[in-house]
């Protein structure tokens, strides 16, 4: 306990988190004024668990019926024939074997190369989430982000710092905590904690690592800004993010339905809002005021560098996601409609493009019609023989 107490005392030193010549003592509640305290954030943990329960309840009793109402249809998937050898390889070594390994597996199982490829495609599809699951996840996030954005906007609308970010530093750190801002802050923190808790059960996308990094940075930023009484600038960061997040989730919901024009319209609106809030307002209003206005009255301190480092990490993620959105816009302009989320895996058909081309070539050359001819991709093929025997053909 003594070691933990010493570490805790060292971590919360005034000079780390507060401007020079300020101490935690000035942030003690007094004369009817209430200030933010780090211990207040402990309430976010049980609230995060409650949000997880709410989420699964919402998806079951609201998201699922809504998906059926909007015409979401899951693609029929052909069952995978049990095969212990292929299943073991799939679970332990990878989803997509290279062609030489695929040929070796075909030889071991007495299957053709084509049958083995088809087995792996069907097995991969079996683990991919269906459209209904994706829709339900998006509907939950849409509901939260929409409530968070419009709720936060109603809280901040009459505050001076919403329209003039430099007011975030007026009389800092002696800025009393308003109850509505506290509850909104606590709800946002709890939500991002709940997202981390449910990551193993969520649809895994190609930007999974970036999403994890974003959630961690956001949680640390919310916790740090609350503990250091930086709620004003923190509330602006949250509001800017929520402004486009609910549009993204709405667009994803309709992307899983037959309502293509609604999806296309939402995608255009989302892109405009995202670029304006994340690439224009965020660097010119948020980053500028945290870099320059925040130290107009004091010297720099550790919390200054810590806060700006995390905000820059967020901005780098904004640039990364902007590149993904630009790819989707290029596809949209080229094809005249919104296709798929570039972060998502798509279901594979039973025949890959390469397989179809190979079959076409065989038919064209008459190989498929020669009596007694061995299948070109069978276990007795030359490629399989070379791999299975561990040597190459001599010339």
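Quick reminder: no glycine exception, Cβ is built from N, Cα and C everywhere.
No curator has checked TrEMBL annotations; they are predicted automatically.
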Give the range, chosen from 88-131, 132-175, that TrEMBL lists as DNA-binding region.
88-131
Within the domain 'Homeobox' (86-130), count helix residues (DSSP H, G, I), strand residues (E, B) and coil residues, in that order.
33 helix, 0 strand, 12 coil
Report, as numbers and ranges, every residue of the chain located at least six residues beyond the transmembrane segment (302-330) whose Cβ falls under 8 Å of a Cβ in that stretch; write 'none' if there are none.
15-19, 207, 210, 213-214, 217-218, 220-221, 224-225, 228, 230, 237, 267, 271, 274-275, 278-279, 282-283, 286-287, 290-291, 294-295, 338-339, 341-343
